[in-house]
Amino acid sequence: MLTLLQLNRHIDDAHQELPEFEQDEVKTWFDKQVLKAKRFQPLSIINSKLRGLEVFESNESLPLAAPQLPTAGPRPVDAVIDPEELVTRKHWQRPTGNDMCTDPPCGKRLGPLNGSVNCRKCGRLFCEEHTMYQIKLSRSAAHDPVRGYWCRVCETCYKTRDGYNDHNGVLIDHTNDFISIRRKKVERHNLEIQRLEKRLTKLTQLLANPPEEVATNGGGLLSPVTSLAGQRNPRKLLEQSVVTWEDDASVAKCPFCQQEFGSWSFRRHHCRICGRVVCADPQTGCSSEVGLSVASATPTLQGSEKTGNSAAAQVSIDIRMCRDCKSTIFSKRDFTESIVHKPPDQKAYETLRQFERGIRQLMPSFQRALLALQPPDDEFSLEKPPPTHAQIQEAAKIRKRLTDSFTKYDLAAKRIRDMKTTSQTQLRLQKAIYAAASTFLHTHMLPLKSVPRMLKEHSASRSNHRRLLSAIDRTGSGVNHLSPLRNGESADSETASLAGGSETSTVVSALETEEKELRERLVVLEEQRFMVKDMIKNARGARRFEEVSALTRNVEELDAEIQSLTKKVSGVEERWEGLYAAGTTGP
């Protein structure tokens, strides 16, 4: 470690002072920097400049010109204030020294601390905080967003100006122009459709009901011979009478696929609607024969004998059309039919939605029926009367309707899930619909289990109530009607017999209700376990392992609940056996 003496000696030996010429360069650089610093403007002048550039001017400030610095050149001419830039102050509120901020929620006293600023538009006095807004005003303090000047205003004037909070912006509506242009094109297209439909109607009528001379000439035995001899086919004559056919020699290529004609395998064909020469290649579909069923006014002999000349016969006609004519004539009809047509999956989903709407409409009625069956808080309270037989029957009827609806809903959901499809997207859609239906079933099937439990509670409360009333009646009537000698003996025997019979019937009804409730809960839980296992299988196939773990826990919980219910059912069966054994061994 070096000492201070050694360090000083090292500096003196190794780091001597700079030469004189280098010292002069350093001094010269410092002198230049000092001169540059002296040329800066004073701080007061900079503050005066910045004071004129404040965003929110005070009451005393005027639009003054910026001060000019003294320079060696000629003195510039003083800037003249444009009177157009001065906004009028005639409407300003005069300060009284005891003013308050005009903004209603504020209420601050105006002064040096909070400020005292007049709104340039309305002229009222506000504090500094509530005049932090600017809009363009004219000389008369009116809102002028085009030629106005930025002025300080209050919040009310800022938010009530024209165009504030206008999110639409400039709106130029070209709908009328578009409609006019589209109307011309649509009308032209409709005229073309009507023109081609008239040609098709005329052609089908001629082919279905040919003239007599054509029918006699074309229907003879020598018609094939005459066609081979060079005479024209009568059907072609009828077809060419509707529209003029294009000359074969003038067309060398198909206008659609651009394939050259010439070989015997690639022949020329004519569209019977427009008359153009087209090919009949099935791969390109430039032209095709369209089958039509036309009503004939001259039915055949056999048809007239069967129908008795009451209706016209149907004649099947094949007419060759090019691709354009076929699209022009039938595209609108095909589009309408495609809208009306519903695929099987859509029909099945609409059926599912109808069942769901029916269940949702029936649930409020079921809830009201359950409220009527709710037992009172006190078991022996007589303030709320027990439900009548009609109310119980109504609740049972609604419950049965809901159960049937849930069964049909489940079948409709499974039908959608099991539909055959080759599309993975369609398969995912079907599985999603089934998952949503399962969730709907689990959510709305819980209240159905409340009816047997309520009926059990009502039956138990009614039996207790009847037993209490019978005991009261026995104590009252036994004293009045029995003799003093046999009073105690007969009363005890009657009480024992009645109590034993009522207790036996009460136990039997309670066991029946309990067993029914347990078995219904067991059936519901087993169905839920089956559906959850099915959902686990689907989730594993889709590799959604997070859902698999959650559903597996649900299955474990359902298994535990099913096991406990099974034990309870076996306990009820043992109680039944004990009751039967007691009944057989009794007197």
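Just so you know, glycine gets a Cβ as well, placed from its N, Cα and C.
All TrEMBL annotations are machine predictions without curation.
TrEMBL assigns the feature region 'Disordered' to one of the listed ranges (179-208, 299-328, 479-508), namely 479-508. With helix defined as DSSP H, G or I and strand as E or B, the domain 'FYVE-type' (106-162) counts 8 helix, 18 strand, 31 coil. Residues belonging to the coiled coil (508-575) score a mean pLDDT of 80 in the model.
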